């Protein structure tokens, strides 16, 4: 291959892991609480390329009723099998498959891609629910945007992913949504990194899930600065189920399946995990042998197999109900899953109390009751325990994730019915006989399409904005406190979340539409950064950027014009960084620096005021960081502050985290 003209590099294929009725209102996109949907025409004319497991074309979420034809720039194809050909439409304008090579079926046999596409740009579906829970109108974040689906999984091979990116770019998408990734993979051997840079060079922003390997640190996937990385947050909606023990203790959890009328019967508890094998702890197939579970409530730990599969194991063994108990890594993030027997999913802390009761009582019993869908749960938002965190081990010191967004118990389209047959929502759209099946899902995979949908709205509203400008608007407008004004909590610890868990904060779309200032960056600006990464030669950088570059200029990560400021002090006691901002607000405007200093760090901003006289005007400023005292930071010491540029009319606050590390 090396002898072929134009050959640059090759590497073994990697298999990469896959990483709504309420969230549009929660994010203040809907007509009643914001003008963003109206001012952006709900994303009409914007094309979102969804690189994933394919799509379910006959789902009502992909109806094109009332949608115009795609823009003239669209050059893609909708290659659905003959039996689905009628579902190529003004909503689903593109569908191609690359699993096993080009020209394969784009039909989703997994569900992941369908769910993701529905969150990003699903059409409104009235009466959507999961087994009767969370009933409402299901809508994507950009419900009038077009969808182009590129099936690259499963398996999610680098070669498939690069083909997906290449086709999306050629076809003319405006944004790429991808919820796939592998942690700590060298950039020059990473299909998503390479594909997203190619997209960037054509003005296309890539939005990527941060990964689901939390709460452990340094697990962010594909963590380059030109990708917008999204962590997962809990929302304030709960499909509530409660477990009451024989001693009167009660624990509130969740379940999508809620028998009606509620069958709250006191049942004996049984715990197969008493023998401490992984199979019985997590109720895997065959693990009920030797245990009498008939007519009893079975205690099962999460992990290893899907929670609904555990319920089937219990059901087939004669069990009457199941208590799904979080393991330490799950902490307080619980799910409303579509079980087929009465069930409740509880937190790790509550699971410890339940197990203590089981082990200390002669005849332990429990009752599960159901309360339906509840709203206004506090605290909210919180960082999901599974959401991958920084700091990055590869990117040289750029803050990741960028933001967090709703990613737990998200209702969206699903290819098949779930739960017991008598509770399934199988009502057809009479005009096109489309599926109306939905499911709750969790993951940064669900968080990312919330952001790609919002990015589509911003792209429609500001068609001249670069990928970096869209990213900047989303980051600098993010919320750093919860709905009660307290620091955002981490589900994993119950304490305020680390900066490496929340990034710039929780997305805040109404403020992102008019950020005032943006931190812009061209495609070429990232090349000196790549050249400056440890071990990245000219050849490696060429593999990533697909350009005949020579690494003459090298820059550190802190020199990238990023909306977050992260500085590694090393042995130094002072450092400075320069940033450039572009005025995208009122032509005549003034911004004043408002600094919350990191503990033990003196911050000086020069100048302290930025005066603009025209739209699109650029200005630069320097941030000087000085450690108080002469002692350098400890090896894992992190100090966090914030810089806000506040407009003279108090209309805009352009907020950036300041992170100082050793």
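Including glycine, each Cβ sits where the backbone N, Cα and C put it.
The domain 'Peptidase S8/S53' (43-500) scores a mean pLDDT of 94 in the predicted structure. The domain 'Peptidase S8/S53' feature in TrEMBL is assigned to 43-500.
TrEMBL lists 52 (among others) with the feature active site, charge relay system. Secondary structure at residue 52 (active site, charge relay system), taken from DSSP and collapsed to helix, strand or coil, is strand.
A helical conformation is recorded for residue 112 (active site, charge relay system) in the three-state DSSP classification. The annotation active site, charge relay system is assigned in TrEMBL to 112 (among others).
Annotated domain 'PA' per TrEMBL: 267-352, in sequence order.
What TrEMBL records for 445 (among others) is active site, charge relay system.
The domain 'Subtilisin-like protease fibronectin type-III' feature in TrEMBL is assigned to 560-660.
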Counts by DSSP class (helix H/G/I, strand E/B, coil) across the domain 'Subtilisin-like protease fibronectin type-III' (560-660): 0 helix, 60 strand, 41 coil
Cβ neighbour count (within 10 Å, all chains shown) around residue 445 (active site, charge relay system): 31
Least Cβ-crowded entry, counting other Cβ within 10 Å, from the active-site residues listed as 52, 112: 112
Helix, strand or coil at residue 445 (active site, charge relay system) [DSSP, three-state]: helix
Between residue 445 (active site, charge relay system) and residue 112 (active site, charge relay system), the C-alpha gap once rounded to whole angstrom: 8
